[in-house]
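**Student:** According to Swiss-Prot, the record shows the following:
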- 72-79, 162-166, 216-219: GTP binding site (BINDING)
- 63-379: domain 'tr-type G' (DOMAIN)
Amino acid sequence: MVSAPLLGWAAIRPIPVSRLKTCKYASNSLQSYNGIVASYLRLHYYRSLSSSAVLAEAIVHLEKTRNIGIIAHIDAGKTTTTERMLYYSGFTRRIGDVDDGSTVTDFLPAERARGITIQSAAITFHWPPLTGDGTSSSPSLEDLEAQNLPRSRASHTVNLIDTPGHADFTFEVLRSLRILDGAVCILDGVAGVEAQTEKVWHQASVYQIPRIVYVNKLDRDGAAFGRTVREVGSRLQGWPAVCQIPWFEGSNGRFTGIADVVSLQGLLWKEGGDGKSVKVFDLNGLENEDKSLAEELKRARVALVELLSEHDEDMVESFFEHEEDHLTVPSITILKSLRKCLLGPETQKIIPVFAGSSFRNMGVQPLLDAVNNLLPGPSESHDPEISLGSDKTSLGNLLSGELALQQDPKTASIEKSKQKKKAVVTRTSVDIKSLTANLESCALAFKVVSDAKRGVLVYVRVYSGSLNRNCHLYNTNLHVTERAPRLFKMYANDAVEVDSIPAGHIGVVVGLKYARTGDTLISCTGSKSVPPEPLNTLQLRPIDVPPPVFFASIEPHSLSEEKNMQEALALLLREDPSLHVTIDEDSGQTLLSGMGELHLEIARDRLVNDFKAKASMGRIEIGYRECVLDQSNPVTKIFDREVAGRKGKAGCTAVVEPYGQELESDGNDTSGSDDIIFTETVDGNKIIISAPGVNITTDKKGKEESTSLPPQLDLNSFRTSLYNGALSALARGPQFAFPMHNTKVTLTCNAAEHLFGSESSASALSAAARLATQGALRNLTTTAASTGTGMMEPVMNVIISVDEASLGAVVHDISSARGGHIVSLDEEMPISTSLSQSPESQDQPVAVDINKIYAPPDPFETPSVAGGLPIQAPANQPRTITAKVPLKEMVGYLKHLRSLSAGRGTFVMHVDRFERMSAQRQKAVLAELNR
């Protein structure tokens, strides 16, 4: 046994208990570990650290900061791994357990009752842990670089987000991914790469987040690390770089440790311990301890160096410098090469793979080292995208002064034909710097939580500057200014008040009344109101909200409870924008829409138990859509009435027609007309605004303006009013009262015919657009039944995992009884037939030859698969079915699937598209809905 120079955690002592005993409440807490006292102790400890100069220094140095998330399929071990990370970092004094409901990050009652993660939890800790007195001898990264030591020897601040795995909480994962710099993807060593894992993996690719893979649960019967590695290559579309291989011991293949391919060391954990006692063997010691493992470790090192050499020229040079000996290439060189490949422009061509068993307390510390060594800090992550008015750029370009404000792409074709319209206006560096000199901070609100004690907590990621206490934050989405009276750093459900949140960090603002998920918040020095133009339009890339597919009615127990219920719903919608609330005009019922049955059940529990709303929820139903079948005649409406005591008058002409990508590609798109000033696709509908006679020019600052509009109506509010009017009309179909889908609306507002001077207010214009669009929709239904509207239903992309014995019964049930269409049926589902075609995944797949992937042999397998030799599949090999099935047929499907598969089948699904229903099916659905 030897010391481990690459394992910084092995030489650092945990925080001493004496540190906690300074608290007067701590006398009996270490024996009974009462939950309240434990929470207080953690809070007391971090408050004491926050005052130290060391922590302040750690906050400033972004290169020692990691904003990471844990992503995975449900039950892969995300929360269990998080609890071990907190324990080894010294944040907790005992290991929380999901089954006991004692975890730190799953603190909601519903999470502890169901044993699943519902809400993403943010928590901050240090790895390796700081010493007990709040001072640290942690070396600088420059010193480590000079000594050829890894980054993991220096203590890093880790901001960790534990995300849900259930498909119903996809939005919770999406808004967490939006603010991460890196991620750890956890795989179940028995189940391998599962369907939800693929979906989350490709969602992370959209945000270009570097990821490492941790294969968990290797202690369980049936665990197959080698098979999982091959699935990483075939289903996650990247070359797996095996950085660790599992150490199986004894005749029954008992998992006892790992062999580190980078450092050529063996790590052996004490069975039944808390994971802090580790024996470390060098290669010579490992040959004496387990010769077969040592030989496999050498093969793994050869494969790793060869793989990196194909993607990194520096690794090739190092290989030749060390006499072409794979085993003598320095460990630090391999770490640098892995990091270079992971953070390079072609993100995730190489996927580092690690091994462990979090529940058995094995492999978590090396995983934390990998987070420090491989994943990027905030200063190394991709420059966030922003919009500034109608221009798209990056925040880095704005702050550096290298910014050219370009014309709006939506009106590019118009400008070509109208040479006198808006030209490209380029600001000089001096102009931009003068604008941004007073920009104090820029942050994204990625989550809103209602806390019973602290009020509304707005979680923010600061992208530039420093967000200071009592600063005035301007919301560029809502155009309101609010003061930030209190700032917190969150440790799951515990909070520490701070004076500022620096760039690159995650924190909480308390006291904001209006901020929502996805809003951009900026502050400027010396400004208490609106920032100067165009900074007041600066918006970070928003968080896309997926469309809801289920809905249920919400009714208060009495009329006196109506107000309380609406207030609770408003809080719930600020927390979770993937929920939608609408009012049925016919029945007057309040309808709550969401992503799935479990999603709505949790929302109901939150309303009743957390917000104390005295209300009940009706039966969960499916959200259908309505579509037009033909083009309507032009319908013109003039709105002429008083609004809030002021006369309003405006007009608009609307035409509605079917819309779809296939129709656009056939040349039916009319968006190239010279008079079109706005085009937007939203919720499957397309809205086009044409404004004949509205002459648009651009001033020296790049701002669009028009002298043809009334003085009280600027160009932006002119567009927005018409757009909102059309949106309002599309929210309810004329025949079945479902929201419209696959509908194109063309609005025409002629300056000479439809505008009436000072009487044409924004509200009057919006009302005219709504009336005209509604009239065009009704025009179709009154002409003829064949040219009216039809119904559309959500069709789901369903991925079912069953064993071989149940395959036939499940396929027959899907294709016959449920009217589904089988897309693929294979042991390893091709990525091209599953999630790569979903709107979330826009990354280009990497061509991976599975036969060239190195994977160590699994227990009880005779051939080594180091050279990619095939292994005969077991008789009851898990099979994957991919199908397209109407959502109506999938309601309550889990119980039926379990009866068909003897309780072993699982499935996940997401909305693939909305599809037109046949006349017979539409009639049956309407009869069921009593319409």
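Just so you know, glycine gets a Cβ as well, placed from its N, Cα and C.
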**Student:** Do you know the mean pLDDT across the domain 'tr-type G' (63-379)?
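**Tutor:** Mean pLDDT, the domain 'tr-type G' (63-379): 85.
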**Student:** For L218 (GTP binding site), what is the secondary structure by DSSP, using just helix, strand and coil?
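**Tutor:** In the DSSP reduction, L218 (GTP binding site) maps to coil.
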**Student:** Please report the DSSP secondary structure of D75 (GTP binding site), reduced to three states.
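**Tutor:** It is coil.
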**Student:** So for A72 (GTP binding site), how many other CB atoms are inside 10 Å of its CB?
**Tutor:** 29
**Student:** Specify the count of other C-beta atoms within 10 Å of the C-beta of K78 (GTP binding site).
**Tutor:** 29
